[in-house]
Amino acid sequence: MAPWSHPSAQLQPVGGDAVSPALMVLLCLGLSLGPRTHVQAGNLSKATLWAEPGSVISRGNSVTIRCQGTLEAQEYRLVKEGSPEPWDTQNPLEPKNKARFSIPSMTEHHAGRYRCYYYSPAGWSEPSDPLELVVTGFYNKPTLSALPSPVVTSGENVTLQCGSRLRFDRFILTEEGDHKLSWTLDSQLTPSGQFQALFPVGPVTPSHRWMLRCYGSRRHILQVWSEPSDLLEIPVSGAADNLSPSQNKSDSGTASHLQDYAVENLIRMGMAGLILVVLGILIFQDWHSQRSPQAAAGR
């Protein structure tokens with residue numbers, strides 16, 4: 001077997017002349033940079049990152065962080081913002097397009113912003129979108145109330161006041177249920193010495209069930225929240241008043257018509273019963289009148 005030699009050593013121009021030094025340098029640079037450029041141009045899709053059962057976790061509860069890449073992934077890394085080293089490294093789970101990172105007991109040290117990467121033969125992927133992992137239960141709960149009234153008419157707006165005597169830098173309003181929406185506002189100091197935020201919500205409708213809580217947090221660790229406020233449910237009144245006059249007139253007319261129809265049926269049934277009674281009496285009298293002569297003849 002012939003000994004291996006660099007491909008550039010076998011390149012000779014037509015005519016047998018030696019390759020110029022400048023051309024040799026360019027060829028060597030092209031050969032050395034070629035594979036590297038191919039890897040960089042691979043454009044690996046970025047990883048996908050999420051948390052189960054969710055990204056807002058009560059203090060002491062467990063959470064699982066999942067990172068998804070491609071089937072060619074050989075390694076997954078979880079990186080926490082502000083940390084110089086990877087938070088954790090995991091081998092992929094079958095079928096190799098996912099990895100699992102577990103936190104058995106959530107603390108303030110786990111709260112923060114995370115991203116993940118995966119490694120494949122083509123190189124490292126792009127980072128995932130950030131995941132905000134929040135821990136709750138580190139401060140006393142704020143209060144949540146509706147202004148100007150806890151009962152809201154359908155179609156109106158309502159202002160939700162989240163407040164506390166504690167010096168929170170911001171308040172977070174969250175919606176319970178399937179929607180799980182959230183809003184964040186900086187806190188304001190009131191003349192009474194309370195910190196609060198006013199959240200405008202609406203217009204509200206009876207078709208949407210409004211159940212909300214709020215939290216407080218401080219600026220140095222924004223992902224560490226207080227205990228949740230008591231649940232606030234907003235009753236929406238005036239649903240029947242939203243009917244148009246034509247609808248109300250139509251409904252009342254229909255009800256009146258049904259009532260008249262029922263009375264007519266009762267009268268007809270009464271008349272039919274009376275006729276049956278009269279017929280019964282007439283038949284009995286006829287039968288009795290025919291029997292009397294027969295009885296007299298028998299004597």
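Backbone N, Cα and C atoms are what each Cβ position is placed from, and that goes for glycine too.
As recorded in Swiss-Prot:
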type	residues	note
TOPO_DOM	42-268	topological domain 'Extracellular'
CARBOHYD	Asn43	N-linked glycosylation site
DOMAIN	51-136	domain 'Ig-like C2-type 1'
DISULFID	Cys67-Cys116	disulfide bond
DOMAIN	142-230	domain 'Ig-like C2-type 2'
CARBOHYD	Asn157	N-linked glycosylation site
DISULFID	Cys162-Cys214	disulfide bond
CARBOHYD	Asn248	N-linked glycosylation site
TRANSMEM	269-289	transmembrane segment
TOPO_DOM	290-299	topological domain 'Cytoplasmic'
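Projection of Swiss-Prot feature records onto the structure.
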residue : record                      : Cβ contacts under 8 Å, 6 or more apart
Cys67   : disulfide bond              : Ala47, Thr48, Leu49, Tyr76, Leu78, Lys98, Ala99, Phe101, Cys116, Tyr118, Ser128
Asn157  : N-linked glycosylation site : Pro200, Val201, Gly202, Pro203, Val204
Cys162  : disulfide bond              : Pro142, Thr143, Leu144, Phe171, Leu173, Gln196, Ala197, Phe199, Cys214, Gly216, Ser229
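Counted with DSSP, the domain 'Ig-like C2-type 2' (142-230) comes out as 0 helix, 48 strand, 41 coil. With a 10 A radius on its CB, Cys214 (disulfide bond) counts 29 other CB atoms from all the protein chains. Looking just at the domain 'Ig-like C2-type 2' (142-230), the mean pLDDT is 91.
Look at the domain 'Ig-like C2-type 1' (51-136): DSSP puts its residues at 0 helix, 44 strand, 42 coil.
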